């Protein structure tokens, strides 16, 4: 029989709606919460918009780097740089 110690018995994980995802400001129980991408809470439209802009910039950067690496691999594959010999080999 195995037992695992998970820490203090009184410790509770913070709820994902306890604070703003961007600025970490505590979210009140009676205040508006601005959501983004399903379960990401923000304290204001401004914080949410800042996160959206950061995500879009990251996505553009990712697409740019992935398209340039795809172009590199295509150009490497189209230029033959290796000599291939064909024929029969007999081993005794």
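Positions of Cβ are set from backbone N, Cα and C atoms, glycine also.
No curator has checked TrEMBL annotations; they are predicted automatically.
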Inset, instruction - Quick one: sort out which of 15-53, 54-92 is the region 'Disordered' according to TrEMBL. - result: 54-92
Inset, instruction - Determine how many residues of the domain 'FLZ-type' (15-59) DSSP places in helix, in strand and in coil. - result: 15 helix, 8 strand, 22 coil
